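Feature list (source: TrEMBL):
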type	residues	note
DOMAIN	18-121	domain 'Ig-like'
DOMAIN	126-215	domain 'Ig-like'
TRANSMEM	221-246	transmembrane segment
REGION	260-327	region 'Disordered'
COMPBIAS	271-307	compositional bias 'Polar residues'
Amino acid sequence: TRSLTITSVDQSMFEKAQGEKVTLPCTFELSEEDEGPLDIEWVLIPADNQKREQIIIMYAVDRVYNHYYAALTGRMEFTTLDPRNGDASLVIQNLKAADTGTYQCKVKKAPGVQSRKIQLTVLVKPARTKCSIEGPQEIGKDVTLKCASQEGSPLLSYDWRRVSGTNELPATSMLNKDTGELLLKNASQEYSGTYNCVASNRVGTDECSVQLNVTPPVNTAGIITGAIIGTLLGLSVLTFIVFCCCKKHREKKYEKEVHHDIREDVPPPKSRSSTARSYIGSNRSSLGSMSPSNMEGYTKTPYSQVPSEDFERAPGQNPTFAPSKVAAPNLSRMGAVPVMIPAQSKDGSIV
């Protein structure tokens, strides 16, 4: 007895790149005994057996239902508008890495029931591949060229080639295809040039380039000597500046001290009365200390010799002197010449 059969059995595994389109085949044939209504289901079988199958699209009672699985909504459809013709194949567009999984096509028409599983793997092409250089680019040193893709499904493979000069890698180079590292041992100037790295997997490739310039070693001793000389010069300049600042500070401090001392040493101005008394007192002391023979020139000292600045009076106010009521002592017995000593009244005038 004939029954419903799935005819598309040639391919059960598909590998596609992200962003591409895939058609999962599911063709079938009906028999005369299959008289029930036609039902077609596509389900996603989870990797975890504990989870339930997820219906993604269904055809039943002459209608298509495609709202069961939000992750594929708008990106999937049957290849034909009427699956009753025997083609229940499913088309998925703009593939994503999350679409990877096991898909099953189920066709039912009582009493016949058939199904078929298809494994879909969505791979990501290598992308954003970057090249870099590690180590000093000097003659005699070991230099490592690195290559790595920021995106890409495993297994990624890396390959280096030289795109300038002889287009061949140096004889001392060592390549690791899994990590993308190219080691150049004991580099020489002949190693200089442009190197290109190609990252690849089963669905695509990506590449990057780097420029290698091998130069003679840097004169380290000269750099150190220059640094030392520069440091010493800097310290010398700094010391000179500090010295100048200290010297200027000391000069200012000295000027302030000298100015302060001068002001303290200046005596206050004398009054007129004190000047007169000082002058008269000095004359008395001088006369008292002289002998009679030495006082001949001082017996008649005119009052006009008193400093005029101490006895200035306004015009018309010159005082009149009254004769002294004090009797002069008998100086002859003392061996001295009598001298008229001016006296001072209570109001400060000379009498």
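Quick reminder: no glycine exception, Cβ is built from N, Cα and C everywhere.
TrEMBL labels come from automatic prediction, so no person has curated them.
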Per DSSP, what is the residue tally for the domain 'Ig-like' (18-121) in helix, strand and coil?
9 helix, 50 strand, 45 coil
Using DSSP, what's the helix, strand and coil tally for the domain 'Ig-like' (126-215)?
3 helix, 51 strand, 36 coil
